[in-house]
């Protein structure tokens, strides 16, 4: 990590509201652009594995993203069928066939990706929205009307189904974006937000909503947890009764956990069938 670069971002962010036009043009804007370029290439990640089975948030990168809005003016962003009026350029602005082939990303008409987002090889972007600072691993499909929020992390070989959303976060700085680890399937119209982590090889069924306050009930153990779905979990929406028995409230239910061999050879539909048994 370039400590000089980190220090420059930290110093500029500490003076966010008092930055002068001269220093923005002379040094801060080029420095911020360098960081955003690093996010696009994958050299930097807002959140990354901590080598202890967890994740760490690089707050200085979130500060750089926020500074991007401070040091850039709103301008015309060319697009079809009509231009945009924004501070953030399109991720693929100025791309030609050579650049698209080098990137290895398939971008379908209607897909919107903002500058500062990263896409691995063989990513497919259907008409969808990916925000600044987001990370999308290789071989992942972002399906129609799906949303990847600012700084959200989506691993390799995942499928974010139609209308699903992965929540991002810029403030507070210490807050983590939603993180979907490798080989996960997120069902249509589901949402994972507020820094929830979905462990690798998990399947989230259609219409499941998980935030930090959502109870996650493990049917096999009876355990209730928050904010984390263990690897190889199959999750659907459900309800848990209130203590007084007068009503029930929404929860996410881990209906089963499968091993690596079963997950590899079993289709998503097969995993989700017979869950009421």
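Yeah, the Cβs are placed from backbone N, Cα and C, and that goes for glycine too.
If you look up Swiss-Prot, you'll see 106, 143 marked as substrate binding site, on the strength of sequence analysis. Taking Cβ-Cβ distances under 8 Å and a sequence separation of 6 or more, the neighbours of residue 106 (substrate binding site) in its chain are 122, 123, 124, 125.
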Legend entry - DSSP-derived structure type at residue 106 (substrate binding site), helix or strand or else coil: strand
Inset, instruction - Sort out the sequence-distant neighbours of residue 143 (substrate binding site) for me: same chain, 6+ apart, CB within less than 8 Å of its CB, listed by position. - result: 126, 128, 159, 160, 161, 162, 164, 188
